Amino acid sequence: MRKGALKDPEIADLFFKDDPEELFIDLHEIGHGSFGAVYFATNAHTNEVVAVKKMSYSGKQTHEKWQDILKEVKFLQQLKHPNTIEYKGCYLKEHTAWLVMEYCLGSASDLLEVHKKPLQEVEIAAITHGALQGLAYLHFHSLIHRDIKAGNILLTEPGQVKLADFGSASMASPANSFVGTPYWMAPEVILAMDEGQYDGKVDIWSLGITCIELAERKPPLFNMNAMSALYHIAQNDSPTLQSREWTDSFRRFVDYCLHKIPQERPAAVELLRHDFIRRERPPKVLIDLIQRTKDAVRELDNLQYRKMKKILFQETRNGPLNESQEEEEDGEQGSNLNREVDSLGSIHSIPSTSVSTGSRSSSVNSMQEVMDESSSELVMMQEDEGTANSSASTVHKKDHVFVRDEAGHGDPRPEPRPTQSVQSRALHYRNRERFATIKSASLVTRQIHEHEQENELREQMSGYKRMRRQHQKQLIALENKLKAEMDEHRLKLQKEVETHANNSSIELEKLAKKQVATIEKEAKVAAADEKKFQQQILAQQKKDLTTFLESQKKQYKICKEKIKEEMNEDHSTPKKEKQERISKHKENLQHTQAEEEAHLLTQQRLYYDRNCRFFKRKIMIKRHEVEQQNIREELNKKRTQKEMEHAMLIRHDESTRELEYRQLHTLQKLRMDLIRLQHQTELENQLEYNKRRERELHRKHVMELRQQPKNLKAMEMQIKKQFQDTCKVQTKQYKALKNHQLEVTPKNEHKAILKTLKDEQTRKLAILAEQYEQSINEMMASQALRLDEAQEAECQALRLQLQQEMELLNAYQSKIKMQTEAQHERELQKLEQRVSLRRAHLEQKIEEELAALQKERSERIKTLLERQERETETFDMESLRMGFGNLVTLDFPKEDYR
């Protein structure tokens, strides 16, 4: 997707559809930085005064710039607090985002720039109080500013403190990005990629540094290279207030903010209860400070205006300056400029390493505007001196201090000439709208100039920031990749465990079904065997009964025949009596046989019942044996499955352990590679910085050497002038002496006296000339020696400074390397402990599961045996009640089918 195409509805809703160039008019540049430029503007529809921050998202790092714009817009939309800048909207125009906010007079840093001295303690407390209220609001919503400094703490006309510039802000806490401005960075931000995450406490550190900045006009380590300052902050003690004039309350507040350990650093809400913030102060302290600053800015701009008007007046009246006048004027302006730069020391020129978008497009050069506008006033002054003076006084007739031409519409202008067009521009200058500010015109001009001059340093810092950001992305990408790999590995192992559990469950179900089928089959076989056994006994008993009945019939016949024979032999017994005796005998025999048959049937029934009962008992015992065999088979199967599961878990643990060690090694290797690359880049940056400083010093020395002949010539001319003055004095003295001698000596001696005086004058002039030559030679030698010594001293001081910075870098890198190695060792130990603990838990789990399985085995077998024993006892008791004795020793009959 092309950046700015706004195809995503959610992104499109972030921007207004109006044309910003038509909506906002009278744009005047009021600030410049790495992101681009900030303009004063007026809403053409509502006449509301606003500030417009233009951010280009074209060129290099387009995607990053666009994402940063989206992040800042989303961040600003969330803010609703009196101590944060009010967001008005955002517009897009030709790959440039117009971020519109409420207009503020300037920043706390501008106060230092204008007054050229630290703020008073009550003023610092008032500014800090407002900033803390804004930070408390941000931190409550888990937001981090990450670029707190005096330049980002703005002031409004009523004296309201506003936090601004959220280009570095984070919408998540904790965070771990390397962002901010070097001198104000907290140690944990510098070490973010190496040691982990940070939270809103980084803003508290930056606020403490800002307090020192307001109290000493610049932050600690400001005279140091920005990169070296990072190394210094990361490994040295926290800075403190240097001067003893500050109160103990202020000192404690700063020390409280600058605790090295983030956990010991207070939160914003805690600092709001600090006595430094809560103590009484004048209610209008900030309003009075703003008014004094506006008055001072008015005077500065008036002074600059008068200087430019004087220069242009001289050029118009006298033409170009001659060489000597030009050199003198250049020297004066150069010394003034050097004094101004040395005294002010622009803090805004420090490039912020926050994610920001750079816009190289800006308005016309403000100095050119001042020159053009001054020339216009000059034309009017030539026409009417009184009008010119009046115009000069009305340039700053209100609190509106300085003026900028409309941004983006400046064209190269011709040399100032008293023409009609110049007069019209002068009229435009007089009638153009002014606006209130606490930032002088020269400060804005210097910011633009320094922004252009320090492009190399800014690019170096930006490149370093991009490298750290890229390294962080690489680490996050690798961590995500390793996490995905570990998740996939664990999912695979989990599936394997689930598959094993499912297979085990299926096997147990199959075994249970098999055992049920076996039991049912055995029951059917037992029922068939019992039926067959009963039928066999009944058949045998039927056969025995038949045999017994046949035997009785035979015996009955024999007895009958025997009785008949006995009766036939007995002839004495009457026939009737014989018949009766035979009948009675038959009846007795039949009765006996009937009793014997009944007894046999009873015995057979008892035998049948007893043997059937015994057979049932045998079937029951056999069923018990089958149940015991089944439960042992099931328990053995479970044990085998559990052992296989445990072996699989051990294998999984070992494979996970190998993967964890391999991933840790991969992550640590990448981290060390990135640190080596970072250290190499830092070293290259430092060497490049050293070379640049040496080149600048060499260039300065070359310029001094080139300038030395002019300086020597001027000094030689001064000595020559002294010599000429001395010669004139001696000539006058010679004339006076000659006249006196001629008056007091006879006329005939005049010739000799004149010759003597002439020789004496010649001798003295020769001595004077020799002294002159000697003075010139000594002066040249001393100046050359002095220049050589000064340059050598500067070279020595620079070498010492660069050596100290290099040693600081080496110490920082050694510390980072040692900390990283210690971190790696801790990670390895932590992993070893985790692996060891996990293995111990696994072994304990295996032991517990085996013990539980053994307990289950014992309990189930015990339960089964007890149940079977109760069942056997119940069966035997019932057998006893049925009249059967001990069935255990009962033998089957020989004809038993078994």
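From the backbone N, Cα and C atoms, a Cβ is placed for every residue, glycine too.
What Swiss-Prot annotates here:
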ACT_SITE  ASP147  active site, proton acceptor
REGION    316-375  region 'Disordered'
MOD_RES   SER324  phosphoserine
MOD_RES   SER343  phosphoserine
MOD_RES   SER346  phosphoserine
MOD_RES   SER349  phosphoserine
COMPBIAS  349-366  compositional bias 'Low complexity'
MOD_RES   THR357  phosphothreonine
MOD_RES   SER359  phosphoserine
REGION    405-424  region 'Disordered'
COMPBIAS  405-416  compositional bias 'Basic and acidic residues'
MOD_RES   SER442  phosphoserine
REGION    565-596  region 'Disordered'
MOD_RES   LYS830  N6-acetyllysine
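Distance from the CA of SER442 (phosphoserine) to the CA of LYS830 (N6-acetyllysine) is 59 Å. The recorded positions listed here are ASP147, SER442, LYS830; among them, ASP147 has the most other Cβ atoms within 10 Å of its own Cβ. Counting only the Cα atoms, the space from the residue listed as 'active site, proton acceptor' to SER442 (phosphoserine) is about 25 angstrom. Secondary structure from DSSP puts the residue listed as 'active site, proton acceptor' in coil.
Remark: secondary structure over the region 'Disordered' (565-596) totals 27 helix, 0 strand, 5 coil, with classes taken from DSSP.
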